[in-house]
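Feature annotations, courtesy of TrEMBL:
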type: DOMAIN; residues: 26-80; note: domain 'GatD N-terminal'
type: DOMAIN; residues: 107-299; note: domain 'L-asparaginase N-terminal'
type: ACT_SITE; residues: 116; note: active site
type: ACT_SITE; residues: 191; note: active site
type: ACT_SITE; residues: 192; note: active site
type: ACT_SITE; residues: 271; note: active site
type: DOMAIN; residues: 320-433; note: domain 'Asparaginase/glutaminase C-terminal'
């Protein structure tokens with residue numbers, strides 16, 4: 001049964017205010033009255049943010065505006081109407097208070113790491129900040145309980161721009177420790193670096209997963225009317241409980257409206273727009289599945305998926321890997337700096353087939369002589385690196401670079417980080433990088449893999 005965790009500071013409030021709210025059993029979403037002498041304020045109790053003073057209660061007035069009301073010992077607070085946590089649209093939802101046995105009695109665990117899906121607008125500063133813990137997030141979307149028994153746990157609470165390889169280790173360890181008790185996992189993650197983390201998990205568990213691991217997030221915070229949080233959580237629950245594959249995937253909107261979601265293979269997905277709800281697209285591959293959350297339907301559209309197997313992890317990431325982008329006029333100093341500072345690996349986004357300037361060949365040779373592998377990917381994203389077409393590419397191969405096939409630059413960076421935690425032997429590194437381990441290399445490209453942009 002889903003149980004909400006009450007913050008030790010009582011939804012951000014503490015001291016005298018927390019005592020007054022507990023006394024009347026008031027929680028965010030409840031409609032309350034605050035009386036200070038001759039002044040009275042009625043509104044919906046909101047969670048307190050860290051920038052509010054400790055003697056302030058935040059109310060959402062009937063006109064939709066948020067205000068801060070100063071509280072003292074003489075303030076009278078009354079509970080006028082019991083409410084619930086709000087949905088992504090800001091409306092009350094009915095929390096589930098009894099045991100539900102969904103079809104097939106599947107068990108899914110949501111692991112929270114932070115990000116916009118577990119965030120709200122800070123009404124004092126106008127910024128988006130972490131707030132919801134996974135339990136509150138699930139409670140705000142009770143529809144997921146139609147598909148599965150779901151539990152939630154927070155392992156991190158950071159924005160995704162603060163993610164790093166050490167956190168990948170933490171996430172993968174938690175997955176391994178907990179997965180055997182569940183049929184599938186959902187990882188709530190910030191969208192900006194979600195593809196990196198999803199790829200990291202895919203490489204750690206490339207030898208086997210007993211069920212789907214679904215990464216999901218939100219382009220808009222959970223308390224905004226246009227939020228995609230609920231849609232994505234429901235879609236993810238369907239994939240986690242119904243998908244036949246043992247793979248890591250990213251589930252997000254398939255288009256801007258709420259018609260369907262897509263499950264993208266973790267190593268082939270990229271965030272391609274800053275704010276659109278369908279920002280995530282499969283690159284050089286087609287999505288694994290299409291999800292219709294309002295029908296509870298899952299449609300497999302890519303038959304080339306990994307079957308479920310016993311979980312078999314290979315942990316570890318090297319955090320001394322750099323991802324850089326070639327640009328016209330780029331100096332040797334950049335590669336030389338990485339070599340001089342003893343980085344263990346370099347991924348370069350080259351132009352077109354993967355080229356960089358002839359002027360940089362000496363630096364590539366220096367990196368190879370220092371046993372620092374250099375992997376080349378393409379800035380075009382679509383298509384495959386081919387260093388055998390032009391003389392520059394052949395010189396790069398002679399300098400010891402590893403062509404990244406059709407891997408995304410971000411995926412190649414994560415893979416090299418993972419490989420370097422296993423071996424520092426240059427031949428073994430090359431073999432690893434050129435071997436398809438988690439669907440990161442697609443040997444056959446079809447015309448339909450390239451998007452048709454708007455032409456008017």
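Glycine too: its Cβ is placed from the backbone N, Cα and C atoms.
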#### Entry: the domain 'Asparaginase/glutaminase C-terminal' (320-433) [mean pLDDT, rounded to integer]
98
### Query
How many Å lie between the Cα of residue 271 (active site) and the Cα of residue 192 (active site)?
7
### Query
What does DSSP give as the helix, strand and coil breakdown of the domain 'Asparaginase/glutaminase C-terminal' (320-433)?
49 helix, 20 strand, 45 coil
#### Entry: Other CB atoms, at most 10 A from the CB of residue 192 (active site)
17
#### Entry: Local Cβ density at residue 271 (active site) - other Cβ atoms counted within 10 Å
19
## Note on the structure
Reduced to three DSSP states, the domain 'GatD N-terminal' (26-80) has 0 helix, 28 strand, 27 coil
### Query
What number of additional C-beta atoms lies within 10 angstroms of the C-beta atom of residue 191 (active site)?
24
